[in-house]
Structure formats: structure tokens, C-alpha cells
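Beneath this line is the structure, given in C-alpha cells, with notes to follow.
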């Protein structure tokens with residue numbers, strides 16, 4: 001069986017002092033919010049290291065679920081020059097252009113018709129535009145070709161278990177070296193919104209692996225812990241790229257986790273309201289899909305909770321930054337309202353989130369609370385950008401030193 005190990009250009013953690021992870025939540029059109037924040041972070045890195053700086057240059061792992069998986073691909077798939085296909089500043093314009101075609105809104109008489117019959121007869125959207133778009137943009141690029149390690153969760157409905165597409169996993173399971181476009185289509189196939197994605201992959205020996213995928217959000221809408229686990233497995237397996245890191249050495253991890261907003265404070269549902277719901281009402285209620293909302297919110301919340309506990313236990317809260325907003329209400333809380341006004345409002349929410357105070361989860365109550373220091377998300381991102389820049393420079397310096405020492409040893413042997 002052909003083993004296509006990932007070949008990344010970034011210097012590994014063994015040359016530095018940290019493992020750097022960027023995690024991107026799912027959320028449909030709300031991915032615009034993450035796009036605004038990522039553009040700000042990349043701009044800070046460019047101010048430190050030059051206009052050619054890209055996020056993929058600074059993170060050992062970029063993880064994304066659903067819409068976050070699409071953004072992950074945009075940031076890590078190479079163009080013809082070997083650099084990222086998209087800069088972070090391109091994400092918001094991309095969403096503004098393509099979301100109305102991915103999530104076409106009914107107009108005229110169709111807008112007046114009930115939506116429920118459509119949902120009962122098939123997915124809300126055909127997904128054809130999204131599939132064609134991703135196939136065109138990402139082409140034949142496969143998982144091993146991304147510019148840094150990526151982790152994208154999906155769920156296989158035939159096997160009834162998660163399928164995690166991880167660059168690291170290719171070392172032991174080459175069957176996962178599929179086209180990145182297929183991964184993105186799979187992780188975006190939200191039940192009731194898009195049809196599941198079927199495809200197969202054949203290795204050099206003719207062995208065929210089939211995939212029957214739906215949205216990774218049913219597995220981990222917030223992929224932070226999935227990414228941390230992927231790295232930890234490599235440490236346990238003594239991957240030389242990890243240097244002397246310990247299996248549970250999360251105090252050496254630097255994690256930026258970006259959400260796409262939630263409706264927790266809106267309190268859309270209640271036991272009293274849902275008491276008489278049957279199957280149909282759980283699938284559709286006033287434009288929302290309650291069962292999907294609950295699944296995704298519980299997933300993202302539990303992962304943030306456990307991540308918070310880990311970093312607090314290690315007294316490393318300053319190495320874990322979660323940027324999110326749980327106050328979304330109305331149109332901006334939906335995953336698929338792709339009207340011009342709603343997309344622009346989501347962009348404004350992202351800009352406002354940058355100026356919000358940094359929040360941490362109270363691990364006793366599960367409630368978001370501002371950190372003791374009066375610091376905003378944009379100020380914290382500037383601090384993280386400096387750490388990322390310094391880490392990259394340290395790795396380059398140590399790598400050059402190791403190469404020089406190795407060369408000197410070779411000369412002495414001769």
C-alpha cells in the first residue's frame with residue numbers, strides 16, 4: 001500500500017517551544033464571523049513579518065468543522081506557487097459572493113409557500129453549487145498536500161462513527177488521503193440542509209475505501225479537542241517532529257479557538273414548548289431545526305468546557321483563547337439565511353467581537369465571564385500574534401543551527 005506521508009514546509013515543534021493550534025467552529029453562513037477575526041489575526045502577523053505572512057505559516061494544526069472545514073481548506077491548500085490559495089482577508093468576500101448561491105433564498109410566490117413539505121421530501125438545498133465550487137477551487141489537491149497539518153471531523157452514517165481526516169493519520173491510514181474537496185463537502189453536509197456525501201478512494205494496491213459522510217458538527221462542532229488529541233497521539237507514538245513533548249503536556253500548547261456565535265441567551269426552546277413536539281416539530285420549528293441546534297450547541301459547549309478545564313488545571317489559561325458570542329438572536333443566528341443584509345450584519349458582528357472583552361468559561365457554572373484583566377479580543381490577538389511570530393523565528397533559528405551542526409559533523413567524519 002502506498003504511504004503518502006504529509007510533507008509540510010513549516011519547522012516542527014521539535015525546533016521550538018510550543019505546539020500551535022487554530023480551531024474553527026461550524027456554523028454555515030456564520031463562518032463570516034470567523035473570517036473577520038482571522039483577517040485581523042493575519043494582518044497582525046503581516047505587520048510583524050511582512051505582507052507574505054499567512055496563517056498556515058504559524059500553526060502546526062488548523063482544524064475546522066463544517067464551514068470551519070471549508071475555511072481550513074482555503075487557508076492551507078496551495079496555489080500554483082506553493083503558497084496558500086487564499087489569504088485570510090479573502091474569506092469574507094468569498095462568503096459574500098458564494099453564500100447566496102450555496103443557500104439560495106426563495107423569492108416571489110415561492111417565498112410564501114410553507115417550507116415544511118420541502119423538508120419532508122428531501123434536503124433543503126441540493127448542494128450542487130457547493131460541490132461544483134469546491135471541486136473547481138480545490139481541484140485534485142489531496143490531504144497530504146496541504147501546507148500545514150489539518151484536522152477535519154466528519155461522521156460516516158454507514159459505519160455510525162466519526163471519520164476524522166487528519167494529516168497525521170495518513171502515517172497509519174493512507175486510505176484517508178482523499179481529495180480535500182471531498183472532505184469539505186462531507187463535513188458541510190448538514191442533515192436536513194444538504195444530502196450526505198458519498199465517494200470512494202482507491203490506493204495504489206487497488207484497495208477501495210468507501211465514505212458516506214454527513215456534517216462533522218454532529219461529531220464535534222468545535223474541533224479544538226479533536227486537534228489536541230491528534231497532536232497528543234503523535235507525542236505518544238514518539239513522532240520526532242514533537243521533540244521532547246510529553247503526552248499530556250498541554251501547557252506547551254497554544255490554542256486559538258474561534259466560534260461562529262450561538263443563541264444560548266435567546267432561549268429559543270423550553271421544556272414547556274417542546275412537551276408536545278413529535279418527530280416533525282423536532283425537525284422544524286419556525287425556520288429552525290431544533291434537534292440539529294441542540295446537537296451542535298451541546299457539542300461546541302462541552303468541548304469548550306473540557307478545554308477550559310484542561311488549561312486551568314495546568315495554570316495555562318493564557319495559552320487558550322476562545323473567541324465567541326452567545327448573544328445572537330433572530331436572523332443572524334440562522335445557519336443558512338444568505339441575504340445581503342444578513343451577511344453584512346454577520347460581518348459587523350465579527351467586527352464587534354474583536355472589540356469585546358476576552359471571556360473565559362467559569363468551569364463551575366459553565367457561564368462565560370470576562371477575564372480579570374480588562375483586555376479585548378483584538379488586544380489579545382495582537383499578543384498571540386507576537387508569540388506566534390517569535391515561535392516561528394525560534395524554530396527557524398534552531399533548525400538552521402541543527403543543520404549547521406549536522407554539516408560540521410559530516411565534515412569531521414570525512
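Positions of Cβ are set from backbone N, Cα and C atoms, glycine also.
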Would you please say which range out of 14-19, 20-25, 26-31, 32-37 has the annotation motif 'GXGXXG' in Swiss-Prot?
26-31
Looking at 59-63, 64-68, 69-73, which one does Swiss-Prot call motif 'GXSXG'?
64-68
Among 270, 288, 399, which is annotated phosphoserine in Swiss-Prot?
399
Of 66, 215, 399, which of the recorded positions has the most Cβ neighbours inside 10 Å?
66
Work out how many Å separate residue 399 (phosphoserine) and residue 66 (active site, nucleophile) at their Cα atoms, rounded off.
35
